[in-house]
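Following: one structure in structure tokens, then a few remarks.
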Amino acid sequence: MTDVNDTTAFPCGLDPPYYTNMIGIVVDWIIFLIGFPAVCLAIYALFSLVKAGRVAPVYVINLLISDLLQITITLVFILSRFFDTTCLPFMKARCLSRVFVRLGLCTSLGFMLLISLERYMVVACPLRYRLRRSVKNYTLVSLSLWALALVYVTFDYIFLIDMRYSLMVFSAVTLLPAPFLVLLFLVTRRALSKSMPLRGAERGRWILGALGLVLGSYTLLFLPYSIRNLYYSLKAHAPSVSDPVRDLSSVITSALLYLSPLTDCFLYIFMRRDLRDTVDAFPFCKRLLSVGDGNRSSRQTDQGDTQTGPRLAG
């Protein structure tokens, strides 16, 4: 995957340092080889929870779909490295792919914010949450967010030709969720501390764990990228002039950002009721456990027969 903001202009200008750096190459392969199957399995498992009547994971499913979009686009950058970087078809493909990467990043941030808001509603307004939750409502909100993100990236692609202003606007957009994520985490923790005896400590830990994962992922993976890009968009510099600090910061922050799909998969852990949800989601796990239980019961039966036999003989 390549940095969506460091090219001089659309269509493709200079490829960013991340594209040719060894760190970027390794991270792209990790994202595709590990992230793709992990996200697919998490989506499959969460769909099984929705079919079972639980609507809470709908936002998480959309978050994972946006991750899947970013991971799939990574294949374009992986393949283009095997060819001449000045080949026009691959240059155009990389330019268009950056638009989809930006779409995936914007929707990821939006669904992270919605997940935090939904977890807060579970604690602070449980009655209103139960009355208004439905797959239809969640789907409408999700489609609206996808449409809004699509409008933004289309506007950015058509009108923000100067990459300095495009970078500045995108950095501002990615920084917007920061105060809301922190506030939702704090007010949810406060609400849980007041209602913990009523709702149970175990459930509270799962809710706070989901919020902590979202906030931690944003702080460690998204925030450095946003701050770095905002700084260099406000600082006057010539992109064609080599700057080791600028290039290294671009590689590191981009690598952190593109690893975010791997952390999003862990949200599935906080969406399940218990281990049985995971087993029910994957039939092969169910069969393996049933076979193990059958073997264990047969061994216990054989041991019982062995111990009973001598008593009957005596």
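Backbone N, Cα and C atoms are what each Cβ position is placed from, and that goes for glycine too.
Beyond the transmembrane segment (23-47), the same-chain residues lying 6 or more positions past its ends with a Cβ under 8 Å from any Cβ of the stretch are 1-2, 17, 57, 60-61, 64-65, 67-68, 70-72, 74-75, 77-78, 81, 251-252, 254-255, 258-259, 261-262, 264-265, 267-268, 271-272, 278, 281-282. Per TrEMBL, transmembrane segment is recorded for 23-47 (among others).
The feature domain 'G-protein coupled receptors family 1 profile' is assigned by TrEMBL to 38-268.
Long-range contacts of the transmembrane segment (59-79) within its own chain (CB-CB distance under 8 A, at least 6 residues past either end) are made by residues 1-2, 19, 28-29, 31-32, 35-36, 39-40, 42-43, 46-47, 50, 93-94, 97, 100-101, 103-105, 107-108, 111-112, 114-115, 118, 138, 142, 145-146, 258, 260-261, 264-265, 267-268, 271. TrEMBL lists 59-79 (among others) with the feature transmembrane segment.
Annotated transmembrane segment per TrEMBL: 99-117 (among others), in sequence order.
Taken from TrEMBL, the feature transmembrane segment applies to 138-159 (among others).
What TrEMBL lists as transmembrane segment is 165-186 (among others). Below 8 angstroms of C-beta separation, residues 4-6, 102, 105-106, 109-110, 112-113, 116-117, 119-120, 152, 156, 208, 211-212, 214-215, 218, 222-223, 225-227, 229-230, 232-234 of the same chain, each at least six residues beyond the ends of the transmembrane segment (165-186), sit close to that stretch.
The transmembrane segment feature in TrEMBL is assigned to 206-228 (among others).
Residues 1-3, 6, 16-18, 21, 23-24, 27-28, 30-31, 34-35, 38-39, 41-42, 45-46, 57, 60, 63-64, 67-68, 70-71, 74, 105, 108, 115, 206-207, 209-210, 213-214, 216-217, 220-222, 224-225, 228-229 of the same chain lie 6+ residues outside the transmembrane segment (248-270) yet bring a C-beta within less than 8 angstroms of a C-beta in it. If you look up TrEMBL, you'll see 248-270 (among others) marked as transmembrane segment.
The region 'Disordered' feature in TrEMBL is assigned to 293-314.
According to TrEMBL, the feature compositional bias 'Polar residues' maps to 295-314.
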